[in-house]
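Peer 1: Can you keep this structure in mind? I'll have questions shortly.
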């Protein structure tokens, strides 16, 4: 009897895993893995140790973080996102406690206090914080009975929820990540349905408050904005990054100079070449062809993600998918805008490509949530069909 029960339990477990893996969006996973491999290749060439003629430790770290991120992706695909949404406010409070800890005991690097050190490894909580804020907003807006007619009474609470981590991250200082919180809030509010008059009013307030916001910027942040408007005004100082980035992009031409052959990157004229300006390395060494390959794979990934968002079975799933897609698109838009001198340098990584453990794990966790939304939709559809028959 016990043997029969054990066999039944094992067969059910096997059936569950077969159904789970069968419902995963393997095309989305394929595009994700392609981008991760592309990112590893770019970190390899951008951080290559030319003196010793060998890959740097950053390359091996990126490989490790990518593997960890892919494991996290499958875990997030397995854990029901409804469970995560249910406890969104708990995750939010934990995030605030961690950000407070960062402000007091965080590791300092490059003039900023953004990291916490765990087992000898620096982690940036604000990267995971973007996902937690998305879960928090998804829980709030999915619980509102109104849809498509949100007024200011409906928005002050979620705005407060976003403003707290925005201020805490801005004080680290990390202007790029803090602005991401506000942009994510704006996009999710737009999807939730806000009155047009309110949108116009908010835009007017933002424009009117720009002079006040300018006073809150750190001196180096003000220099970045001024240099963005005219990088040649300080070619050896604040404008150096943008000028060298433009030289790298322009010199790559159509087919590029080849891996490890870039003069700006390999001779170290280009600063932050493995993080903020890795797209410049891509353009210089792989040319327009290499950039187009990245754009194509990234575009196909976004299309798959949009399909998941559109077909989600509940509002929570829709808000989560839209928020995650927004992270990917906003990061790519801002990062590429920085490298081409179209936007100020605010330290935003290029998704899947830039070096960074926290950002890679957060991005792949986002992919896992998208997979989770699809798995739940197919499971509910199958259950409904069984109930009918």
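Each residue, glycine too, has its Cβ placed from N, Cα and C.
Okay, so TrEMBL annotates it like this:
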type     : residues : note
TRANSMEM : 26-46    : transmembrane segment
TRANSMEM : 58-83    : transmembrane segment
TRANSMEM : 89-108   : transmembrane segment
TRANSMEM : 175-193  : transmembrane segment
TRANSMEM : 198-217  : transmembrane segment
TRANSMEM : 286-306  : transmembrane segment
TRANSMEM : 318-346  : transmembrane segment
TRANSMEM : 352-373  : transmembrane segment
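Looking at the shown structure, can you explain where the listed features end up?
Peer 2: Through the fold, the transmembrane segment (58-83) approaches residues 20, 24, 32-33, 36, 39-40, 43-44, 47-48, 274, 314, 316-317, 320, 355-357, 360-361, 363-365, 367-369, 371-373, 375-376 of its own chain, all at least 6 residues removed from its boundaries and within a Cβ separation under 8 Å.
A Cβ distance under 8 Å defines the sequence-distant neighbours of the transmembrane segment (175-193), meaning residues of its chain 6+ beyond its ends; these are 126-127, 129-130, 133-134, 137-138, 141, 144, 146-150, 155, 158-159, 162, 165-167, 169, 199, 217, 221, 318-319, 322-323, 326-327, 330-331, 334, 346-348.
Tertiary proximity for the transmembrane segment (286-306) is limited to same-chain residues at least six positions away from its ends with a CB under 8 Å from its CB atoms, namely 25, 27-28, 31-32, 34-35, 38, 252-257, 259, 279, 321, 324-325, 328-329, 332, 351-353, 370.
With a cut-off of 8 Å between Cβ atoms, the residues of this chain six or more beyond the transmembrane segment (352-373) that come close are 24-25, 28-29, 32, 35-36, 38-39, 42-43, 46-47, 58, 61-62, 64-66, 68-70, 72-81, 84, 121, 123-125, 127-128, 130-131, 274-276, 278-279, 282, 294, 298, 305, 308-309, 312, 317, 320-321, 324, 327-328, 335.
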